[in-house]
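Feature annotations, courtesy of Swiss-Prot:
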- 1-26: signal peptide (SIGNAL)
- 40-133: domain 'LCCL' (DOMAIN)
- Cys46-Cys62: disulfide bond (DISULFID)
- Cys66-Cys86: disulfide bond (DISULFID)
- 154-177: region 'Disordered' (REGION)
- 154-168: compositional bias 'Polar residues' (COMPBIAS)
- 199-257: region 'Disordered' (REGION)
- 199-216: compositional bias 'Low complexity' (COMPBIAS)
- 230-240: compositional bias 'Polar residues' (COMPBIAS)
- 293-478: domain 'VWFA 1' (DOMAIN)
- Asn390: N-linked glycosylation site (CARBOHYD)
- 495-668: domain 'VWFA 2' (DOMAIN)
- Asn520: N-linked glycosylation site (CARBOHYD)
Amino acid sequence: MRTVVLTMKASVIEMFLVLLVTGVHSNKETAKKIKRPKFTVPQINCDVKAGKIIDPEFIVKCPAGCQDPKYHVYGTDVYASYSSVCGAAVHSGVLDNSGGKILVRKVAGQSGYKGSYSNGVQSLSLPRWRESFIVLESKPKKGVTYPSALTYSSSKSPAAQAGETTKAYQRPPIPGTTAQPVTLMQLLAVTVAVATPTTLPRPSPSAASTTSIPRPQSVGHRSQEMDLWSTATYTSSQNRPRADPGIQRQDPSGAAFQKPVGADVSLGLVPKEELSTQSLEPVSLGDPNCKIDLSFLIDGSTSIGKRRFRIQKQLLADVAQALDIGPAGPLMGVVQYGDNPATHFNLKTHTNSRDLKTAIEKITQRGGLSNVGRAISFVTKNFFSKANGNRSGAPNVVVVMVDGWPTDKVEEASRLARESGINIFFITIEGAAENEKQYVVEPNFANKAVCRTNGFYSLHVQSWFGLHKTLQPLVKRVCDTDRLACSKTCLNSADIGFVIDGSSSVGTGNFRTVLQFVTNLTKEFEISDTDTRIGAVQYTYEQRLEFGFDKYSSKPDILNAIKRVGYWSGGTSTGAAINFALEQLFKKSKPNKRKLMILITDGRSYDDVRIPAMAAHLKGVITYAIGVAWAAQEELEVIATHPARDHSFFVDEFDNLHQYVPRIIQNICTEFNSQPRN
């Protein structure tokens, strides 16, 4: 009996030493792992939908090829969570079809999602959905920790198939949180439990929670194999270092002695943590009734002084607050000018009013002259680009603030800006006094710069201390998108109907050349259901509507439709074709669209063209007549809008048609831009 007891004591001592060495080694290993692990961006497939991912904000890497139409996207700028994450990224322009990293942020569900065609992806409409998301460039915020492994709402997620997810009862460790080493007293307690031959009753949860020994909160686990309870201890939540204040661990009290099914628990440290991610602060999507891309040109010249510069910044901050900045509404950037202009931040730098106001506060004055014309040229060439966050469906607006008067000319720079579709507003403060007017470089500069001279685009303030009074009228005007006339350009504001001669004299080969000419012209325009629309009619003795203005709303679809037009063959009744186009095409044109008819023929008409052409002119249809080979010059001049020299063209051979594309486009734009600005 004594021998047995000695043997048991020897075994206990041996086990104690093993556990002690193991605990020390574990402590060293734990100390080595305190360093935060390097963030690994999780990869997802093109078909992964945002709604399947539980994380409220995360960075992922998309593969190439997500432009494929089989990956459905719902919405524009703000997407329903039923959408493909990577498909939405391509649609928004954050990614191209080669893939890459993106930042995804969950936002509230919407009452409706509008479909649109953008960057090769056709998004679909959806009446409502419970959750939305926006896609941004993968620039992580300071102090925010993003998950290296995504949490999916289904066990059969793509990550699970790749072996990346954890079991249901496991949780990823909180960055910066480490478990304390097992203490000597705990090891002795376990050792005594092993050595004692009698069976001890299991502690109840209440007994565990009311122990008199002061120690950190603990979570108990039971080993199925050894029928032993081991305790994992953690640092107190008050002393635990945090990488992200937005992520907190739940208080483990009340969770003691949980028994995870199938968990292998070894002696010593058994970590079990519960994560609780605080709901993110609500992110405004912006006012959808004021979806504009706005650039403020602020005066940083030396003459303005520091005090007035601060007043100017205060107006900017107030505008940012009043506009309700967001991806579904207005976006705003700031350019400061002096001798030379410089961008402080572009349209996609700050996508909510709070961040924008903070950034405005940090702007410092540059000094120098007041070269406004140079600044307008800079904005026209550099600011409104896709890389800077410019959106195709949002009007481009520039608000120029001028103290006194510019030190350079603005007329030519402003004309180019208007022709590029930019709506220029001017706020002038404290104009030139009578004895200062001799120094003004360009008299009446504001009217030469603004989009229209009807007073809508100009605001004048007698004193800097009255600048705040411009806030409400300015916000109201820039958000009145129906009156932003300069958003309409020669390339985005027309309904263009091609009337194509398909008579026998043309021939199959030449007919394909004519279609290529139509394609080359179409490529020059901005195509969508709200921009330029294209329709086509083919005629011989009879007429055929190939497609109407409302048939296709994207450039690729239009170009494919032109390719599919089949050669008809027959006689040449040009007059009847004009009447048919007026009835079947232009009768369905939108009231706010310029109506352009481009007629191509290779011979004299069998019927009268004078009365149909006059009807077209009276209905406001601007008609271009292009004759090839045997076309009659006098007929072309009758068909064409006055002056005929700008609207009729004769080409000796079909193969030379392509040479006239630049000239026709130039004439269309010259005529558009010569409209009165009042």
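Just so you know, the numbers here start at 1 and follow the chain as drawn.
Each Cβ is built from the backbone N, Cα and C atoms, and glycine gets one as well.
Shown here: features listed in Swiss-Prot, placed on the structure.
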residue: Cys46; record: disulfide bond; Cβ contacts under 8 Å, 6 or more apart: Cys62, Pro63, Gly65, Cys66, Asp68, Tyr71, Ser84, Cys86, Gly87
residue: Asn390; record: N-linked glycosylation site; Cβ contacts under 8 Å, 6 or more apart: Asp293, Leu347, Phe383, Phe384, Asn396
residue: Asn520; record: N-linked glycosylation site; Cβ contacts under 8 Å, 6 or more apart: His658, Val661
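Mean pLDDT for the domain 'VWFA 1' (293-478) in the predicted structure: 94.
In three-state terms derived from DSSP, Cys62 (disulfide bond) belongs to an extended strand segment.
Residue with the densest Cβ environment among the disulfide-bonded residues Cys66, Cys86: Cys86, by other Cβ atoms within 10 Å. Secondary structure from DSSP puts Cys46 (disulfide bond) in coil.
For Cys62 (disulfide bond), other Cβ atoms within 10 Å of its Cβ number 27. Annotation note: Asn390 (N-linked glycosylation site) sits in a coil segment as assigned by DSSP.
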